[in-house]
Structure formats: C-alpha cells, structure tokens
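What Swiss-Prot records for this protein:
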- Phe26, Ala60, Leu61, Glu62, Cys84, Ile85, Ile86, Asn117: 5-amino-6-(D-ribitylamino)uracil binding site (BINDING)
- Glu89, Thr90, Arg131: (2S)-2-hydroxy-3-oxobutyl phosphate binding site (BINDING)
- His92: active site, proton donor (ACT_SITE)
Amino acid sequence: MFGADKGTADRLDGRKLHIGIVQARFNEGITEALAAACREELLALGVQEKNIRHVRVPGALEVPLALQALAEQDEYDALIALGCIIRGETYHFELVANESGAGVTRVSLDTQTPIANAILTTENLEQAVARQTEKGRDAARVAVEMANLLEELS
C-alpha cells in the first residue's frame, strides 16, 4: 500500500490548544486503536492531557451530534471524529458513510470549528486494521494544524 503525499505540515504546536475527540464505539477494536494513536500524537504535539476531552458514542451516525454539542461549548480549538464503517452486504454502508461524513462537515462549517474526520470507511476489516494507527495520528495533526491556522486567520 502506497501512502499519499501529504506535503509538509506546519503549525503543529499544540501546547495552548484544547481538543475534543468523539469516538464511535461500533467496531470498537479499530476505534480504540484510532483513539490511542490520536491521543499519543496529540500529546507528542504538546497538547496537555488535561486539555483533551474524549467522549464515546454508539456509532458513526451519532458522532456529528456529539461534535456539535462540544463545538457549541466554545471551549475547543478543534475537534476530532473517530469511527470505523466496514462494508457489509447491504446498502447500509453507503448510508452511514455518506450521512456521517456530511454531518461532520456540516458541524464544522456551521460552528466554524475545525474537525479532523477520521471515520474510516473500508471494504473489510483488514483494510481498517492497516489504517487504524496512521489515520489516528493524521487526525491529531490535522486538528492541531487547522486550529492554529484558524487562529492565524482570525
């Protein structure tokens, strides 16, 4: 598997940031690994443990509502959505993937809060396992970078 060229990131100083994480429990083995990698990377970027709020919801469709509730508290510089949707035999995969993704984007735009979307959508469990650690780290980096960018732009 080849990785995407993500370019060189800057604005990765998380020392002053408050970050909220919303994790879906469905496919919990994968989402726990995403969360662990995400938290580890946030700490490595300087975000203080006390400035990380981590909440869990039943599944990917519930993630946007929890993100909105956190964003409306106006305490977080950025939020992170974690989940895992694995294709099954029915149309449900497309519905959950599309609606959760649209919901995350809507919350971000409506609240002007950066949200790193790491809700994995994979064909099978093996693909999810292959992505769980790096996508968790990526989400942390995206959240920190976008929080700092929005601060610069304001």
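All residue numbers here begin at 1 and follow the chain in the order shown.
Placement of Cβ uses the backbone N, Cα and C atoms for every residue, glycine included.
When secondary structure is read from DSSP and collapsed to three states, Glu89 ((2S)-2-hydroxy-3-oxobutyl phosphate binding site) falls in the coil class.
Looking only at Cα atoms, Thr90 ((2S)-2-hydroxy-3-oxobutyl phosphate binding site) sits nearest to Leu61 among the binding-site residues Leu61, Glu62, Asn117. Cα of Ile85 (5-amino-6-(D-ribitylamino)uracil binding site) to Cα of the residue listed as 'active site, proton donor': a span of 10 Å. The recorded positions recorded for this entry are Glu89, His92, Arg131, and the Cα of His92 lies nearest to that of Leu61 (5-amino-6-(D-ribitylamino)uracil binding site). Between the recorded positions His92, Arg131, Arg131 has the most other Cβ atoms inside 10 Å of its own Cβ, all protein chains included. Here (2S)-2-hydroxy-3-oxobutyl phosphate is bound by Glu89, Thr90, Arg131 per the record. The longest Cα to Cα distance in that group is 23 Å. In this entry, Phe26, Ala60, Leu61, Glu62, Cys84, Ile85, Ile86, Asn117 make up the residues listed for 5-amino-6-(D-ribitylamino)uracil, with the farthest two CA atoms of the set 16 Å from each other.
Candidate recorded positions: Glu89, His92, Arg131. Nearest to Ala60 (5-amino-6-(D-ribitylamino)uracil binding site) by Cα distance: His92. When Cβ atoms from all protein chains are considered, those within 10 Å of Asn117 (5-amino-6-(D-ribitylamino)uracil binding site) total 21, not counting its own.
Nearest neighbour of Glu89 ((2S)-2-hydroxy-3-oxobutyl phosphate binding site) by Cα distance, taken over the binding-site residues Phe26, Glu62, Asn117: Phe26. Sequence-distant neighbours of Phe26 (5-amino-6-(D-ribitylamino)uracil binding site) (same chain, six or more apart, CB under 8 Å from its CB) are Pro58, Gly59, Ala60, Gly83, Cys84, Ile85, listed in sequence order.
Cα separation, Glu62 (5-amino-6-(D-ribitylamino)uracil binding site) to His92 (active site, proton donor), rounded: 15 Å.
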